[in-house]
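*Asks:* Feature annotation from Swiss-Prot assigns active site to Glu78, Cys141, His165.
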Amino acid sequence: MKVLITGFDPFGGESINPALEAVKKLPNTISNAEIIKLEIPTVFKKSLEKIEANILAHKPDIVISIGQAGGRFGITPERVAINIDDARIEDNEKNQPIDLKVFEDGENAYFTTLPIKAMVKEMQESGIPSSVSNSAGTFVCNHVMYGVLYMINKKYPNIKGGFIHVPYIPSQVVSKPNMPSMSIEDISKGLELSVKAAVENNTDIKTAQGEIC
């Protein structure tokens, strides 16, 4: 089995992206699955082009993309991606799409095909804060999650795919009072446990991970 796991380069004025740094720290094998690590640009369209090129090159069974969500307290596997690009800031090539569809012929939304509740359980049982997220935003993270699931739906039905958001690391919040953070070691361990759950669970578990509002 092969798992393609991607991490974004730094964006939004940050000098580091914990998503990419945590991906780099992952072992090359998890639960007997080969781990293929890929840096992708925080750029609309180009990020998806790079992922698809690596899908074609490596033929992975699972694709997991990792992104930074500053302000979140834990590691949050995403439940759903929506067909909208609505960028509050420019990407790394100064693109700023507003109210545009990711793909004109795509569904309004695609749900993850990863066992996200099993992932959360693995992390929580190891003492790593984690919960299911019901919004991947409308920036490049959602763009990538939606785009990968669109490709899976249209071209690669045997691949499982989804997205995980991670918090800031401590060095990023020195000048951001009261902003939560997590060590890069805990983030990487959480991702390793998430990959383990994805490899070992063909279907998700039934646990309450919903939100009131």
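Cβ from N, Cα, C; glycine included.
Note that this is a predicted model, so its numbers are computed, not measured.
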*Asks:* Compute the C-alpha separation of His165 (active site) from Glu78 (active site), stating it in Å without decimals.
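*Replies:* Their Cα atoms are separated by 7 Å.
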*Asks:* What does DSSP assign Cys141 (active site), in three states?
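*Replies:* Once the DSSP labels are grouped into three classes, Cys141 (active site) ends up as helix.
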*Asks:* Tally every other Cβ atom lying within 10 Å of the Cβ atom of His165 (active site).
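*Replies:* His165 (active site): 23 neighbouring Cβ atoms within 10 Å.
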